[in-house]
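Asks: Below is the structure I would like to discuss, written out as structure tokens.
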Amino acid sequence: MSKKPVALIILDGFALRDEDKGNAVTHAKKPNFDRFWNEYPHATLQASGEAVGLPEGQMGNSEVGHLNIGAGRIVYQSLTRVNVAIREGEFEQNETLLAAVKHAKEKGTNLHLFGLLSDGGVHSHIEHLYALLRLAKSEGLEKVYIHGFLDGRDVAPQSAETYLKELNEKIEEYGVGEIATLSGRYYSMDRDKRWERVEKSYRAMVYGEGPSYTSAEECVKDSYENGIYDEFVLPSVITKEDGSPVATIQDEDAVIFYNFRPDRAIQISNTFANEDFRSFDRGEKHPKNLHFVCLTHFSETVDGYVAFKPNNLDNTLGEVLSQNNLKQLRIAETEKYPHVTFFMSGGREAEFPGETRILIDSPKVATYDLKPEMSAYEVTDALLAEIEGDKQDAILLNFANPDMVGHSGMLEPTVKAIETVDECLGKIVDAILAKGGTAIITADHGNADEVITLEGNPMTAHTTNPVPVIVTKQGLELREDGILGDLAPTMLTLLDVAQPKEMTGKTLIK
């Protein structure tokens, strides 16, 4: 029996932008894309910022794009997830955070907050520290101590004074919190098993060992005078007037580690949280019965509580297709194969029942501007054979060219990449239409739409421009305010499959 396949075709890195200069999408001759755009219902989708779970104004990327597409909902990345929780009042009601505060109150012990002291947004955000201070204040906690890790890597190398000034203003405003130690991230956030670095941080925080200063500002000033900048500031102790440490971490204390990115948070967390820690001798005073909270899930190896548990993405597009006994194909060349498989399945490696995967090798060249067609023709031939063989109900396809060649920042090769993809697109969509099927033509983020800046410089990064969506079925009308998370519900509508409640995206078909 002839199948009427529904295909989701992702032109990776292909967005729409009015400005013609440096725009490979407008420069390319793409008769097939233009034909489908003119003949069929079309619209644009937001593929960056909060529409895909990133901070406002941040460009999208392939991983995030495919996660959102496959999930059929906005998948909040950790930074945005915590930001949204703060904005909507959920942060101060977080049971895990409240339990840490309650522990310190009931035991009459201290609450320690530690993490990277910047707004870099890569490992942490200082606003999350401020939210914790507000939470502690609202719960009536007085003994709250901050162990600041200085950045200088995701932000300017000598920016610590700015963040300390702002932090001290917040401490003054809220009437809670005191800085107890400072340490460059080189020590406290090592991830390469350089335990001697982590130990220096640990001993400052637990034993009050290390250079001592009467204020955080004095510590930074002294380091700068010695040519040591933020990232490399030696773990240092802030002292009271009598020379004793402001605070050390002791038995029964509570700790909240407010970094959200795991890789550089694991080792120092192991040091405090794990009873069976053996990487260095923690000494006699190692704090017992700590109530240790990680902001997000750092690792199975960390024996702590988790405030924002991982989002398990249930009922992704692939899972729903499988539950409905529909045959699905994932096809791409090497560069984007993980995206149409692992990321589109919500971070799942295994295939679903009824899922077939075709991987076409990407060409072995130093950079793809040397071969802008990449393996698009081979991908197309393999897919046409599948369509002819009536094997698939649903097809998930990625063309890597506009993104991978766009990263070269070179106009002519990127134009060639798009013209190649357009040729392939025509063959594939015509084959699907000949079977009575439907194609959804779209993209995951921008790139090829700006490969040269208005000043004439190469532009190798992604863009925040909207991406196209075309549905090759007459008589439909599409919404104009769509996001990537609306693509899976649209595909399910075309397949006449019920949308699960976990998919909070909405079909684009009016």
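Every residue, even glycine, has its Cβ placed from backbone N, Cα and C.
For reference, Swiss-Prot lists these features for the protein:
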type	residues	note
ACT_SITE	Ser62	active site, phosphoserine intermediate
BINDING	Asp12, Ser62, Asp444, His445	Mn(2+) 2 binding site
BINDING	His123, Arg153, Asp154, Arg185, Arg191, Arg261, Pro262, Asp263, Arg264, Lys336	substrate binding site
BINDING	Asp403, His407, His462	Mn(2+) 1 binding site
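Please situate the listed features within the shown structure.
Replies: Residue environment of Ser62 (active site, phosphoserine intermediate) contains 24 other Cβ atoms, counted within 10 Å of its Cβ in all protein chains.
With a cut-off of 8 Å between CB atoms and residues at least 6 apart in sequence, the same chain places Ile10, Asp12, Gly13, Ala47, Gly60, Asn61, Ser62, Gly65, His66, Ile69, His339, Val467, Leu484 near Asp444 (Mn(2+) 2 binding site), listed in sequence order.
In this structure, Arg264 (substrate binding site) belongs to neither helix nor strand by DSSP; it is coil. There are 20 other Cβ atoms within 10 Å of the Cβ belonging to Arg264 (substrate binding site).
The secondary structure of His462 (Mn(2+) 1 binding site), as reduced to three states from DSSP, is coil rather than helix or strand.
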Asks: What same-chain residues, at least 6 away in sequence, bring their CB to under 8 Å of the CB of His407 (Mn(2+) 1 binding site)?
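Replies: Those within reach of His407 (Mn(2+) 1 binding site), by Cβ under 8 Å and sequence separation of 6 or more, are Tyr368, Asn447, Thr460.
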Asks: Using a 10 Å cut-off, grab the number of neighbouring Cβ atoms around the Cβ of His445 (Mn(2+) 2 binding site), all chains included.
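Replies: There are 28 such Cβ atoms around His445 (Mn(2+) 2 binding site).
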Asks: Spatially, and counting Cα to Cα, which of the binding-site residues is closest to His123 (substrate binding site)? Options: Asp403, His445, His462.
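Replies: That would be His462, the closest of Asp403, His445, His462 to His123 (substrate binding site).
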Asks: Provide, as an integer number of angstrom, the distance between the C-alpha atoms of Asp154 (substrate binding site) and Asp403 (Mn(2+) 1 binding site).
Replies: 25
Asks: Could you name the residues, excluding Asp12, Ser62, Asp444, His445, of the same chain that surround the Mn(2+) 2 site, i.e. Cβ within 8 Å of the Cβ centre of those residues, in sequence order?
Replies: Ile10, Gly13, Ala47, Gly60, Asn61, Gly65, His66, Lys336, His339, Asp403, Ala443, Asn447, His462
Asks: Among the binding-site residues listed here, Asp12, Asp154, Asp403, whose Cβ has the fewest other Cβ atoms inside 10 Å?
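Replies: Selected from the binding-site residues Asp12, Asp154, Asp403 on minimum Cβ neighbours within 10 Å: Asp154.
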